[in-house]
Amino acid sequence: MRPALAVGLVFAGCCSNVIFLELLARKHPGCGNIVTFAQFLFIAVEGFLFEADLGRKPPAIPIRYYAIMVTMFFTVSVVNNYALNLNIAMPLHMIFRSGSLIANMILGIIILKKRYSIFKYTSIALVSVGIFICTFMSAKQVVRSSQIILCIGALTFALLMSARMGIFQETLYKQFGKHSKEALFYNHALPLPGFIFLASDIYDHAVLFNKSELYEIPGVGVTLPIMWFYLLMNIITQYVCIRGVFILTTECASLTVTLVVTLRKFVSLIFSILYFQNPFTLWHWLGTLFVFIGTLMYTEVWNNLGTTKSEPQKDNKKN
């Protein structure tokens, strides 16, 4: 029951979160900082109340390690927002971030001295080609070449930094044990002072949000500027998404989690293209196909499905 609930939360929360993020970004492309600040504040307050027990519960992992992790996490969030501020198309943003497998493999080889099979190298090559096709075709739709270069540079840096953070988390969990809820709280609470440097941008967008048209929330009767409604829904759906992923990681194998998240990205991508009518050519579809086939190859889903199917046959032979 819990895995089914988790899958439902991931699809409902993450997919709708992308919708509200695009609604916000289309109206005000530079609103990434106020969105991130609101999300961090909400999750930090919730974690302070229920995970940290109003500060009375000491952390299982020393704060100095969280400080390093938080620096990476905050940097990734700010850089991703910078890419959105450059008015990058949301489908390209989603496809590019699907390249995390490449970044994880590269840093895994360099830092952890990992070695992979030819099958995995092939899957990474497919993902790389898919992202290159989508990026190259999107670059043709951008008037300023400097803009697409900045976008690619920012997203590449964010990918590598996010992968480095994942490796750092992996080593911490091996040393201190898994404390996902605690990490979620500290990753969102400790960076809050950093938003002081973005205060003027956050304030400016808060003023713009106040000037947006009024919207009456159905069934509640409360009226507020529509941009604040979009932001509120973005925060709620982001929390639902994160909680769903957390339940999924505790109840299911990592392969299942990867498949669910990958399928969720695909559904979000299709919805973004159809509902918001984002420009998406045949080349974009080909690149997207490469990305998702490469992702499924990397997780070895077909091998696992083949193993699952063969097990009942072996049992029948024994009987």
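The backbone N, Cα and C atoms fix where each Cβ goes, glycine too.
No curator has checked TrEMBL annotations; they are predicted automatically.
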If you look at how TrEMBL annotates this chain, which of 32-51, 252-271 comes out as transmembrane segment?
32-51
Per the 3+ Cβ pairs under 8 Å rule, pairs at least 6 apart in sequence, do the transmembrane segment (63-83) and the transmembrane segment (145-163) touch?
yes
